[in-house]
Ligand SMILES: Nc1nc2c(c(=O)[nH]1)N[C@H]1C(S)=C(S)[C@@H](COP(=O)(O)O)O[C@H]1N2
Ligand SMILES: [Mo]
């Protein structure tokens, strides 16, 4: 037969065209174990991050340890970054299966169709999670969807599909892991060709790549690694040695923040107190070592000095309720945050006026910014204008 139909079909590779010995279940299973660990760490720490940002009465998160979110979110971004080389090698090692011939018999074909369907979902969700997470940690939003809701939903899809995949493959995984890495017992018949690289060599290179991804990205969280972290987003220095997320100019608050007319408004029901920056300085000051831990993965610790939020709320006799913290910023998703009651009463929750012994820089939230223990950076509102409790 001649013609375009035949030639395009002939170009589709067949399983037997993939001859490398490196593509073996012995390799896939070993990489899969570490990829699975990375995914589970990212999933659990992702749930923590989601619950801190959308508080649920079912999972009241504690205010201690104060560095908790710094660790869980650092792990989230580091495990997601380490998953990138693992995922690439894993996909490379299994992709000839895409071209495998269907087995005989309707029932077997149906089973294979279901299994491939799950794998398609798993691969699509995994690639999406890793790519969108990486883009987010680089503060690059080339999409229209809401990042957090989508990343959260697909996290469940990825982990669900992963559990099904592991359950289906358990016999193969078991056999692959109990046999030596060079044992051909489970190999495809065509996977006999050798190249310069051995299976051990491929695995070692993969571990090195994953380790490098960790070291190069962890510097945005681990101070000792800051110098080597070329991938570490925002590990650079800012005023008082703490990076800046959004500048006052970008938030459009410069005039309002520097205005002598600035007043902090504290409101509880009908009671309102207005305080100038001088009034705030005259109140009892507390210092606390607390990190800014951004959802994007970077974090940095500083010594913050200011007025306890509980002292401010006491001025209007507001007790033990959630507090709305509202910024001078007029728009943007982060201009307002809810401070749960147990955070508001914590003695380390401050309206900070100073950072590392110096006046708070305007980009860090001058005249006053919220800083609370074990809380994501995104909720540490800068340029605070109002603390409101609705009775
Ligand atoms: N009003 C306001 N507060 C804000 C933000 C913002 O965009 N607007 N960004 C938040 C985010 S995402 C982080 S990580 C921290 C960063 O604080 P820093 O810039 O002082 O390091 O501020 C938070 N507070
Ligand atoms: Mo952030």
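Keep in mind that glycine also has a Cβ here, set from the backbone N, Cα and C atoms.
Annotated domain 'Oxidoreductase molybdopterin-binding' per TrEMBL: 261-390, in sequence order. Per TrEMBL, the feature transmembrane segment maps to 31-51, 71-89, 110-131, 151-168.
Note on the domain 'Oxidoreductase molybdopterin-binding' (261-390): its mean pLDDT in the predicted model is 96. Outside the transmembrane segment (31-51) by six or more residues, the chain places 59, 61, 69, 72-73, 75-76, 79-80, 82-83, 86-87, 89-90, 93, 126, 129, 133, 148, 151-152, 155, 158-159, 162, 166, 173, 177, 203, 206-207, 210, 295, 376 with a CB less than 8 A from a CB of the stretch.
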